[in-house]
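Database features, via Swiss-Prot:
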BINDING   B:TYR55, B:TYR80  substrate binding site
BINDING   B:ALA165, B:VAL166, B:GLY186, B:LYS190, B:TYR206, B:ASN230, B:CYS252, B:TYR258, B:PHE282, B:LEU283, B:VAL284, B:ASN332  NADP(+) binding site
There are 2 protein chains.
Amino acid sequence: MAEEVSNKQVILKNYVTGYPKESDMEIKNVTIKLKVPEGSNDVVVKNLYLSCDPYMRSRMRKIEGSYVESFAPGSPITGYGVAKVLESGDPKFQKGDLVWGMTGWEEYSIITPTQTLFKIHDKDVPLSYYTGILGMPGMTAYAGFHEVCSPKKGETVFVSAASGAVGQLVGQFAKMLGCYVVGSAGSKEKVDLLKSKFGFDEAFNYKEEQDLSAALKRYFPDGIDIYFENVGGKMLDAVLVNMKLYGRIAVCGMISQYNLEQTEGVHNLFCLITKRIRMEGFLVFDYYHLYPKYLEMVIPQIKAGKVVYVEDVAHGLESAPTALVGLFSGRNIGKQVVMVSRE
Amino acid sequence: MAEEVSNKQVILKNYVTGYPKESDMEIKNVTIKLKVPEGSNDVVVKNLYLSCDPYMRSRMRKIEGSYVESFAPGSPITGYGVAKVLESGDPKFQKGDLVWGMTGWEEYSIITPTQTLFKIHDKDVPLSYYTGILGMPGMTAYAGFHEVCSPKKGETVFVSAASGAVGQLVGQFAKMLGCYVVGSAGSKEKVDLLKSKFGFDEAFNYKEEQDLSAALKRYFPDGIDIYFENVGGKMLDAVLVNMKLYGRIAVCGMISQYNLEQTEGVHNLFCLITKRIRMEGFLVFDYYHLYPKYLEMVIPQIKAGKVVYVEDVAHGLESAPTALVGLFSGRNIGKQVVMVSRE
């Protein structure tokens, strides 16, 4: 007889317009049978860490034909997380395994592992890292920088939203390769972190710059070889005029645009021609085959203290709506994680 | 004793704001000594055909740090042309040679051949073709399509400004490869030409479409693999939402924007991410090493009537200002050329 337990959930109440608010979500208590449905290959998990990621904003509206589906209003939010297997109908997973992948914003979930679900082998690092440096954002930074940007030693690299889950890693990977790296962020604290903790050569607070193009010219008098794009809008326009010939722009995200009903127009695309720039969008899903190679590279670097990762951990499922909403005002310092349970 | 002859010139009077007008230019009569300056490797030429190209608009304003220089107000306009060598200080060229490359908008020019100047070997084609299909626009179409778009047989291709000097060739090259090709242009006459003369599968008049995105969806129900971008602005926005996954956009020009004081903003760049699109600007200068290979391919095709080229030839240097200005209102049908002298 399966154990039935209470299960706290974070529910999206309705599709969201403009900036998401905490009141767009609610906490609900239900019960769940901790049992794999008869004949299925589902996996029953206890959620430990949940990941707050900017792409989740798009799932809060009615979308069609995109790479992700809308959240279902009235149902728990879903997203990346770290979880412990309680029971498994899938032979690839056993009770007691730790996994990361798509799960629900609730204490317990029943996952149909048709989506990416990775078994965690190395537990000698903080488990929460599998929502960040060792999970989707880490792979995003690695693939986006090494596979999309075609970086070379000595090149100049600009990263926006540079202290975020992805940006802080792009900066460190670029430094490891011998690039000159500058990051932008939205507070003095974040700017300090970029320089003192992540080893960026320079950093600036975009909110304090009247003229973003002039700011970039200050740090890149000879231009930018590589732009790792996380924000879009005005920053992209300022970057375009500061790119070098044959520059590359990896388009990872455009967080400044996600809550606008009408996105800002980008005016300087003619620079793509005059400077022969390649601008390329990418999604991490296309690069998961490189995940083992990435872990092999990054885990020793973490253990040697050569790559660091800053997380902003909110405690308890009840704090999840605040944590998620905070992403879009830049309240988080580093990767935003919600700890549901320590184990 | 060098012959001194009269030399008619087209002078740019001042930098231009907004749409260029004929009155921005004037015809001037000067005299010229048809003699290579002592000790120089200049080439004295008689100009036969002059090329009107959209990129020339940018040279009519004060520009800095671009791939081209501004025209000098008070001096003749310069541009691509076909000319006959009268005297040469450069051992690569002899009296009587036909050449194409950068020359002046005047009857006779003294060219310092540090810039691209090509000797014409095959004269068994219309000489004016060396301003078009066998010159810069031809190489632009060839390199832009084959080198930048990474085309594959069976892919869907959209070309804007499709009846222009470059567009008509991109469409034909794409058909030769076995692609499905649709073009847009600005009049019924041009649209008819696309289908009847250049073999586009479909074509439409963008001026008659209320909703460009809906028009594209009509012709590309499953999306666009390759967009050859000649116009920018609203068309680019409409294309972005109609691109297929892993689509490619070769950015060749943005003629709809050249006469605007404030360019239109492009709003749908987020599609670059969701569809993993590569958008790449290019300039023909980077591909001239492929010119011999291109000629080897295209000349037999021209002679066999398998590739055609439509030119709009204005007669006489006096007609050059009208011809150039007409480019920006789309008055020309096909490649705009000015015939200065038949030989």
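Glycine residues also receive a Cβ, built from the backbone N, Cα and C atoms like all the rest.
Here the features listed in Swiss-Prot are placed on the structure.
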| residue | record | CB count, 10 Å |
| --- | --- | --- |
| B:TYR55 | substrate binding site | 21 |
| B:TYR80 | substrate binding site | 23 |
| B:ALA165 | NADP(+) binding site | 31 |
| B:GLY186 | NADP(+) binding site | 20 |
| B:TYR206 | NADP(+) binding site | 20 |
| B:CYS252 | NADP(+) binding site | 30 |
| B:PHE282 | NADP(+) binding site | 21 |
| B:VAL284 | NADP(+) binding site | 22 |
B:CYS252 (NADP(+) binding site) to B:TYR55 (substrate binding site) - Cα separation in whole Å: 10
Residues from B:TYR55, B:TYR80, B:GLY186, B:CYS252, B:PHE282, B:VAL284 facing chain A - binding-site residues, CB under 8 A: B:CYS252, B:PHE282
B:TYR80 (substrate binding site) in three-state DSSP notation: strand
In three-state DSSP terms, the structure that B:VAL284 (NADP(+) binding site) belongs to: helix
